[in-house]
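J.: Pulled these features from TrEMBL for this protein:
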type	residues	note
BINDING	C277, C284, C287, C293	[4Fe-4S] cluster binding site
COMPBIAS	7-16	compositional bias 'Low complexity'
COMPBIAS	25-59	compositional bias 'Low complexity'
COMPBIAS	329-339	compositional bias 'Low complexity'
DOMAIN	128-275	domain 'HhH-GPD'
REGION	1-59	region 'Disordered'
REGION	313-339	region 'Disordered'
Amino acid sequence: MERVPAKKATTATKRVAAAKRTAKKATPPQKSTTAKPTEKTPTATKKTPTATKKATVTKKATVTKKATATKKAAPSSKPALKISQPESRLSLVRRARRINRELAEVYPYAHPELDFENPFQLLVATVLSAQTTDLRVNQTTPRLFAAYPTPEDLAAANPEDVEELIRPTGFFRAKTKSIMGLAAALRDRHGGEVPGRLADLVKLPGVGRKTANVVLGNAFGVPGITVDTHFGRLVRRWKWTDSEDPEKIEALICDIFPKSDWTMLSHRIIFHGRRICHARKPACGACPIAHLCPAYGEGETDPEKAQKLLKYEKGGLPGQRLKPPPDYPGTAAPPLAAG
Ligand code: SF4
């Protein structure tokens, strides 16, 4: 047997080793599909508890997070606003003004819902709107104003003819007396013009503060708060006040809002009361200001059922005015004959 010199043997060994290394690099180790080395190796056994711990912690964290999220999400599905009692004035003012801002976004087109072309028509229409809807008044007044366009004409009318014309508004005999007395007072005391001052307006027969404020705010541009049934109900639901007295409510609201907001605030609140926040069954589940409302849940909270309660343009129905302003997104009311 031929002996290999020691030096050569070393070189040969090195070459073989190098060749093996190259082969090893070229062929990456195959992963076993059956073996579970990590479970068997001591190292893996050592690591497993930590991993399990971590996993448990993560799981716990996720569960806790989810629970918190669910807890936090609950108010959005039932968001009745809690108000700490007694509420500070600052908090009340902030809440009230925020509701006004959000209502302005919901009803950017809010307006008086009586059709009128001059202060006299608005005054008469407002008196006729007692105990009936603005829609019914709007369907009635075109014929009345066509027959008696001025206070002088109405004051000189035959009462029975007026009664017949305004019959659809209800209480037509009493209302005939009111509007004819009003027309006579305008003719005799104000030269046939509607006065633009609260003090004069409230002295006219059948004209209270509410009617006077409607006329001032909408025919003269003089800011006024109109506390009607909707206004009173909503401000009580929002806990701005618990008063039932329209004059007290008016004074309180005048204190909370700047004068420049008064007229539009009144329209927005009345719009909301007529469309969404109804007296008997408010549509809480479809109310865009539910998150600000301490009375959420007083009405229907199921979104689908609530949607069906919406009225006028919010419910895809005609509005109250036969001649709505151009920015009104709904449709005009039908005239009486077609109703
Ligand atoms: S509809 Fe319901 S949630 Fe909306 S303002 Fe009225 S009571 Fe509040």
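Keep in mind that glycine also has a Cβ here, set from the backbone N, Cα and C atoms.
What TrEMBL says about a protein is an automatic prediction, not a curated fact.
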J.: Within 10 Å of the Cβ of C293 ([4Fe-4S] cluster binding site), how many other Cβ atoms are there?
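T.: Other Cβ atoms found within 10 Å: 22.
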J.: Excluding C277, C284, C287, C293, which residues of the same chain place their Cβ within 8 Å of the centroid of the Cβ atoms of the recorded [4Fe-4S] cluster site?
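T.: Near the [4Fe-4S] cluster site, beyond C277, C284, C287, C293, sit R237, I276, P282, A283, I289, A290, A295, Y296, E298, G299.
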J.: Could you put numbers on the helix, strand and coil content of the region 'Disordered' (313-339), residue by residue per DSSP?
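T.: When I sort the residues of the region 'Disordered' (313-339) into the three classes, I find 6 helix, 2 strand, 19 coil.
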J.: Tally the residues of the domain 'HhH-GPD' (128-275) by DSSP class, grouping H, G and I as helix, E and B as strand, and everything else as coil.
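T.: Output for the domain 'HhH-GPD' (128-275) reads 102 helix, 0 strand, 46 coil.
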J.: I'd like the number of other C-beta atoms within 10 A of the C-beta of C287 ([4Fe-4S] cluster binding site), please.
T.: 25
J.: Can you count the other CB atoms that lie within 10 A of the CB of C284 ([4Fe-4S] cluster binding site)?
T.: 24
J.: Return the count of C-beta atoms lying within 10 angstroms of the C-beta of C277 ([4Fe-4S] cluster binding site), excluding that atom itself.
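T.: I count 25 other Cβ atoms within 10 Å of it.
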J.: Per-residue pLDDT averaged over the domain 'HhH-GPD' (128-275) comes to what?
T.: 97
J.: By the DSSP assignment reduced to helix, strand and coil, which category contains C287 ([4Fe-4S] cluster binding site)?
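T.: Coil, per DSSP.
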